[in-house]
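Taken from Swiss-Prot as is:
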type     : residues     : note
SIGNAL   : 1-21         : signal peptide
DISULFID : Cys35-Cys96  : disulfide bond
DISULFID : Cys42-Cys90  : disulfide bond
DISULFID : Cys43-Cys76  : disulfide bond
DISULFID : Cys97-Cys110 : disulfide bond
Amino acid sequence: EIVSLSLSLLAVVPLVVLVIAGPLNVRGGTPSQQCNTGTPQCCQQVQQTSDLQQFRSSFGLVDALAGASALVGANCNPVSVLGTGNGAQCNTQPVCCTSNQMLGAVNMGCMPLNVNA
């Protein structure tokens, strides 16, 4: 009787271990070279909206940017995440923008994209 109990436990224990281990969910933030929304952008100019008085008036955006506190990118192009193709070389800080374009040249709500991590 003890032998059959031992064999039963020997058969059940591996199944219990498999159920407990189960599939592993990889958790964490967005990889550093990706954006939560939109695609990575390389803009010719990236500045805080609070520093853009001249930029605002030249694009006629005084009212639109008056209360904003995010980064604004001008003349942005998509960046290839793998470092190849159009926009692979970015002379300014790559950014993720919320794709709120104004006048086709200004991207609002941008955040720096860390490509070194």
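Glycine too: its Cβ is placed from the backbone N, Cα and C atoms.
Within 10 Å (C-alpha to C-alpha) of Cys96 (disulfide bond) lie the following disulfide-bonded residues from Cys42, Cys90, Cys110: Cys42, Cys110.
When the disulfide-bonded residues Cys35, Cys76, Cys97, Cys110 are ranked by how far their Cα is from the Cα of Cys42 (disulfide bond), Cys76 comes first. For Cys43 (disulfide bond), the same-chain residues that are 6 or more apart in sequence and have a Cβ closer than 8 Å to its Cβ are Gly73, Ala74, Asn75, Cys76, Asn77, Thr92, Val95, Asn107, Cys110. The Cβ of Cys90 (disulfide bond) has Cys42, Val79 as same-chain neighbours under 8 Å, each 6 or more residues away in sequence. The two recorded residues, Cys97 (disulfide bond) and Cys35 (disulfide bond), have Cα atoms 8 Å apart. Counting every protein chain shown, the number of other Cβ atoms lying within 10 Å of the Cβ of Cys42 (disulfide bond) is 23.
Reduced to three states, the DSSP call for Cys97 (disulfide bond) is coil.
Cβ-based crowding with a 10 Å cutoff singles out Cys110 as the top-ranked of the disulfide-bonded residues Cys35, Cys110.
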